[in-house]
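Below: the structure, in structure tokens.
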Amino acid sequence: MSVVQSSCAYCGVGCGVSVSSNKPNWTDVDAADLILVGDNKHPANYGHLCAKGERLLDSLAQPNVLRYPKLRSGMPLDWDKASTLIADTFAKTIAEHGPDSVALYLSGQLLTEDYYVANKFAKGFLKTANVDTNSRLCMSSAVSAMQRAFGEDVVPGCYDDLEQADVIVLVGANTAWTHPVLFQRILAAIKANNAQLVVIDPLSTATAKQADLHLAIKPGADLTLFHGLLGYLADQNRVDHAYIAAHTEGFDTVVLQAQQLSANLADLATQVGVSVTQLTQFYQLVANNKKVLTASCQGVNQSTIGTDATNAMINCHLALGHIGQAGCGFFSLTGQPNAMGGREVGGLATQLACHMGFSQPEQQLLADFWKVDSIADQKGLVAVEMFDALAEGKIKAIWIMGTNPVVSLPNSEKIAQALADCPFVVVSEISPDSDTAKLADVLLPAQGWSEKCGTVTNSERTITRQRGFITAKGQAKPDWWAVSQVAKKMGFDGFEFDDNASIFSEFAALSAKVKQVFPTKVFDLTGLTELSKAQYDALAPTQWPIASATQIGQQNVRVFGLGEFATATGKAQFVTPAVVSVPQQSLPSNTLLLNTGRSRDQWHTMTRTGHIASLRASIPEPVVHLHSSQLSALSLTEGGLVRIEAIQNQIEQYSTETANPDLFTHASFTMARAVVDDDIPTNMALMSMHWSAQFSLTKGVNQALDARVDPISKQPGFKCQPVTLTPVELALQGVVFGQHYSSAHGLCWQVAQTLENGVCHHIGFTDTDDGFAYQATVHSLKWTLTVVGQPLYIQCNMDKGLLKALKVLSHTQVNVALYQMNDFIGKPVDKQLIKQLHQQIKAGNSPLICACTGVTEANINDEINQQFNDQVMSDGLANISFEQALDSTQLLLGCGRQCGSCHSEVKQCAKQSWKDALSYCESYSDIDHQPSVAEDVA
């Protein structure tokens, strides 16, 4: 059996995967012929994968795959005509309006080689730095903070630090869901080392539920919390004065400001929203342990003060002398598989390749290397600015690669309108179905994961080869190839690349040149400059900096450990934040702060995962999580529809330096079902970022968010924007299986859900007559079934006696087993089918808890009850153990024991079942004197 080692296509952990096939010839294999497992030799995951990673092969069966270039009209083109059209249009646009009238918008899904060629094309030959990436939306605040502190965008540590730390502090990071494989490593290390886990997050997330200390701070209080920590460390004389004097600058200024906060811990605790006991406990944990590591993610980055907040964390570790030491320091958790690779090649509009800026010497080096007279001489427009310029008509041609900005950028309606109005839009995609692809004037078929080859760099600076193992069908091409074809047709030299290996060779050579001229730069691929194609193809996972070929394969490499930094003075910089107070907002009566985040089993805008049935099952429709107290306050009902709309002119009260009113542009609204979740703060709502028009009639959450940004990084502040929530009254709602209409009069809610055996659509109508009329024909069979007081209106559409469409409606949410209901499609409609249909409807449905095993809430409830009864019968009520029951349940069902991302949900479900069983027994036995039973489920 032949095996191909590659990397996962999802988060920044950068897991290795092994793909094998029994077929001797890989040129004609498809997903059905393959087996995928974790690569047990890869240093990121050692064989482990999360639920999404385990289903990577399922992602290949896209419902609609783009195989040939085509125009918006649908007319197909060959590559020669498509590339000529793009080249001619870009050239004409630049000739008439200048180089900054064009732009490229890239993605952390691209490989480093794709990124490099795109940046060379734009900054070196088109002479514009209007090249940005969707990494701006997730990583740029951390990038800006590290550049300010260290002089370069460099994560100092590695994953091994998480396994050596005495205290791990996760800030704004639901790592159990966003980086599940890494979180399992963290939990294992905590258990082995008796370490402490601190989670700082306004939400009681799956990660927070497993922490030794959870600080549920106010939104935006991260900066104040860590600035106060710096003052506390100084007050307690815990800072490393010798290190500070020898290796840093700016401490005296920042510490004076910080000590004003730490002077009164009670006031500080009130500001950040925790008890003084919790605040002191956290500060003492940091002060009294030698190995403390702080890792942050989107909860910090996606804020209008994200850069300052990150610098506040770095300040603390600089003061302790932690940077570059084992088990210590600051670590930025990357969201995408190649966000770091894109930054290395200059994928952000604010930098050049190899971590260079726009100084004249850096420009000249790059111009000489690329053999051009000049390159782009100033920073370009970043993501939000780029699409603002598009809306204003300043950018007249844009090429979007591997990303879906109509969904992922804030103020989605404005983005869609800007693209619709733009004279020329090119989109490179694997599917024509994304919201952005539908607005392309030219749509180019790109090779996706499994087809393309190149490299990616993960959160800890490890470069991994992503290898193709399926031959691309149709005319799908690598993104670097498409850019090169256009560049050559525009008359540019330097794009005669034979393959991805030759691109990487050029990139490594540029890195060596930059290191030679600017020796303080940390980024270094000098050791990879002499790789042959065969050596490149066989390259093992390797962590940079790589000064010599002898370092190929190295891991656990830390930088800045000697106190030498990439700043002009060689010293790290303490950064004094512009404002340290927690932002205060006065919210009207029907207003909450909307927080956005991930669903456990989905990825980005769902173009890769939305069609995978097992990953869709846990959350079939858009939902908004609300505290139970808000339902009556806002006149909402659980399971009911909610309209979520942005409040205009609600500017976070930081200061004029950090809040630009011009950036607070008009936004629209979205809709979701209300879900009661008392882990949500009472002033907050939570909705996932994944939904789009591709799957939902009311599109996604960014419909309701405006485009406020961090003033330094220009990263959008997706977290905690004020919104109004109002109920949406549905006359009828339900599910339709089989044939369906994509639009109908009065249809205000429609969500497509992929099942193992087809697709169903969740629907809702504001008018009863419209609901009954939907898909009704003179031959439709209709009747009413009442289940537990709920009337259900059933309609069967038939063709030659076979069921073609099944509609189940009610006045409230319909809860049926979707897979089993869909099995009726295509079967003869007779008395037996109707009897089985009634039985299935009455059986109801149970929520999916574990995507890896398919275990539902009902499965866990049944097994916990069985364990409870068995223990009572064998040991007596006084000696029962919840932990034993939970362990046995997980062992039998497998839930929470594979990727581990559902562990907290499994435990929560089991705990409720256990409590219900105990409550039932109370009338038969006095258990007040049995503290061990109560403690088991506390």
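Residue 1 is the first one shown; counting continues down the chain.
Note that Cβ sites are derived from N, Cα and C of the backbone, with glycine treated the same way.
For 1-64, the entry in Swiss-Prot reads domain '4Fe-4S Mo/W bis-MGD-type', with the evidence type sequence analysis. In the predicted structure, the domain '4Fe-4S Mo/W bis-MGD-type' (1-64) carries a mean pLDDT of 92.
Taking the Cβ of C15 ([4Fe-4S] cluster binding site) as reference, residues of its chain lying under 8 Å away and at least six apart in sequence are, in sequence order, S7, C8, G38, D39, H42, A44, N45, H48, L49, C50, G53, V181. Among the features that Swiss-Prot reports, [4Fe-4S] cluster binding site is placed at C8, C11, C15, C50.
Sequence-distant contacts of C11 ([4Fe-4S] cluster binding site), defined by Cβ-Cβ distance under 8 angstroms and a gap of at least six in the same chain, are T178, H179, T334, G335, Q336, P337. Counted within 10 Å of its Cβ, the other Cβ atoms near C8 ([4Fe-4S] cluster binding site) come to 29, all protein chains included. Here the domain '4Fe-4S Mo/W bis-MGD-type' (1-64) is broken down by DSSP into helix, strand and coil counts: 14 helix, 17 strand, 33 coil. The Cβ of C50 ([4Fe-4S] cluster binding site) has 30 neighbouring Cβ atoms from other residues within 10 Å, across all protein chains displayed.
Those residues of the chain, other than C8, C11, C15, C50, with a C-beta within 8 angstroms of the mean position of the [4Fe-4S] cluster site C-beta atoms are Y10, V13, G14, N45, L49, K52, G53, H179, P180, V181, P337.
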